[in-house]
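> The structure is given below, and queries will be raised subsequently.
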There are 2 protein chains.
Amino acid sequence: MKPSEKQLLDDITSFILAANKYVHQHLYSINDIRTKSGEYDLVTSIDDEVEQMLDQNIREHYPEAVIIGEEDAQKDYDQIDSGLVFFVDPIDGTLNLVKKHDCFAIMIGVYYDGQPVCSGIMDVMNQKLYWGGMETGVYCNDKKLHPAVDQSLKEGLVGVSWRQFLRNAFEEIRIAKNSAGIRVMGSAGLEFVEVITGKHIAYLATLNPWDIAAGNVLVQALGYKITNVSGNTINLKKVNHIMVANDQTYRDMRKIQTY
Amino acid sequence: MKPSEKQLLDDITSFILAANKYVHQHLYSINDIRTKSGEYDLVTSIDDEVEQMLDQNIREHYPEAVIIGEEDAQKDYDQIDSGLVFFVDPIDGTLNLVKKHDCFAIMIGVYYDGQPVCSGIMDVMNQKLYWGGMETGVYCNDKKLHPAVDQSLKEGLVGVSWRQFLRNAFEEIRIAKNSAGIRVMGSAGLEFVEVITGKHIAYLATLNPWDIAAGNVLVQALGYKITNVSGNTINLKKVNHIMVANDQTYRDMRKIQTY
């Protein structure tokens with residue numbers, strides 16, 4: 001049986017806040033910094049501990065659910081089309097955590113039968129939890145956020161991931177030059193937050209499923225457009241090159257890409 | 001007569017804090033957003049008001065001083081080699097102020113006979129004042145900051161201004177690819193802050209004198225290296241392409257540039 005969105009939100013926000021508390025207590029005693037796919041794809045003892053905390057809470061409350069986690073070895077992508085699925089990114093922006101002690105997030109995204117239900121993104125250092133769902137709307141702590149405002153690309157700032165940006169495979173550079181400017185933060189979760197708070201007009205990045213899942217719910221709940229660069233629906237079984245924006249900016253970006 | 005560094009610091013920090021209070025009171029009632037050199041070189045009623053407040057305070061306390069301000073029409077560069085000079089940037093990162101209500105700074109840099117004395121950079125939205133001088137050391141609010149730690153380029157994040165970065169005139173892209181990554185904030189003052197707090201290992205940007213003056217004091221007071229891209233001393237009479245870093249990272253960057 002599908003749990004209610006309200007119940008799920010009550011639970012994931014309390015799981016995230018507990019994890020947030022743990023991170024604040026252990027931020028300056030990180031050990032065991034290891035690399036994964038490359039020299040700057042890092043994982044620390046904090047990522048491990050937070051993932052374990054979140055997984056344990058989810059398994060206790062939702063024993064039937066599938067969990068897809070960044071640091072989890074087994075990724076059961078075959079099972080994510082049916083029933084309850086939790087995507088967990090214990091620390092999104094681990095390089096920032098290690099180098100800056102700043103600008104990173106804890107994220108959970110919940111899906112049912114492959115459809116977005118609800119999610120939470122915790123901006124740890126600013127103590128701000130962005131949370132919401134398709135029925136509930138979106139909040140920052142206890143403040144309701146407003147739906148997307150339609151603006152053109154040239155009116156706003158665009159968040160990008162810089163390595164993809166330099167490859168310019170999807171006309172990112174021409175898009176940037178037709179915007180008010182680009183910004184680079186190094187955390188997918190916080191880039192989604194910039195969009196849903198109206199600070200950035202768009203976000204372009206190459207992301208893994210656990211980087212996308214939570215933000216994908218919140219932007220859709222607020223009426224933003226999110227697709228891969230070919231204009232297709234995001235596929236949470238693989239890496240996606242995503243485009244997020246309001247309708248008008250999205251059209252402006254597509255026009256530049258297909259020019 | 002040269003005023004004491006302590007007296008100057010007492011005064012500029014109180015001028016900046018008064019301006020900071022004004023910005024918080026008027027942040028959501030900005031009017032009269034105008035362009036300057038280009039579509040995204042903005043100035044607002046807040047820039048005007050804050051510059052007027054700072055100028056008035058400086059003129060009252062130091063009537064003999066020269067003031068070089070971003071929004072000031074008359075820029076007396078001939079006079080900056082002798083006596084007391086205040087460089088004022090009322091709002092550094094005006095585009096961020098307008099689009100994000102976040103990530104901008106108020107800055108004053110004080111020089112005597114062309115030499116750095118003291119300065120302040122206010123991170124307005126985080127309510128953090130970074131201040132200090134060549135004799136005093138550097139503080140964030142009441143917390144003393146530590147001198148530069150020597151690390152190599154590959155160990156840290158590099159702040160850049162993105163339009164210059166894309167021109168790649170100074171091998172910025174190769175430098176980026178040899179670092180842990182780049183970040184783009186859109187405020188020179190806050191990029192200097194990332195360096196003095198050890199969050200970024202270097203900063204590369206093309207900047208006006210009022211963008212540089214305050215940060216230039218704080219990085220030197222903490223023992224960082226700052227030059228233009230040719231390795232020469234910053235010239236506060238003109239635009240500079242600056243490089244800021246600890247000694248080892250600075251050498252790593254120069255090696256890449258001259259390879």
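Heads up, the Cβ atoms here are built off N, Cα and C, so glycines get one too.
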> Besides A:Glu70, A:Asp89, A:Ile91, A:Asp92, which of A:Asp10, A:Asp211, A:Asp247 does TrEMBL list for that Mg(2+) site?
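Among A:Asp10, A:Asp211, A:Asp247, only A:Asp211 appears alongside A:Glu70, A:Asp89, A:Ile91, A:Asp92 as Mg(2+)-binding in TrEMBL.
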> Using DSSP reduced to three states, classify A:Glu70 (Mg(2+) binding site) as helix, strand or coil.
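The three-state answer is coil.
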> Measure from the Cβ of A:Ile91 (Mg(2+) binding site) and count the other Cβ atoms within 10 Å, all protein chains considered.
29
> Translate the DSSP assignment of A:Asp211 (Mg(2+) binding site) into the three-state scheme.
helix
> What same-chain residues, at least 6 away in sequence, bring their CB to under 8 Å of the CB of A:Glu70 (Mg(2+) binding site)?
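Set apart from A:Glu70 (Mg(2+) binding site) by at least 6 residues yet with Cβ under 8 Å, we have A:Asp47, A:Glu51, A:Val88, A:Asp89, A:Pro90, A:Asp92, A:Asn208, A:Trp210, A:Asp211.
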> If you count other CB atoms within 10 A of each CB, which of A:Asp89, A:Asp92, A:Asp211 wins among these binding-site residues?
A:Asp89
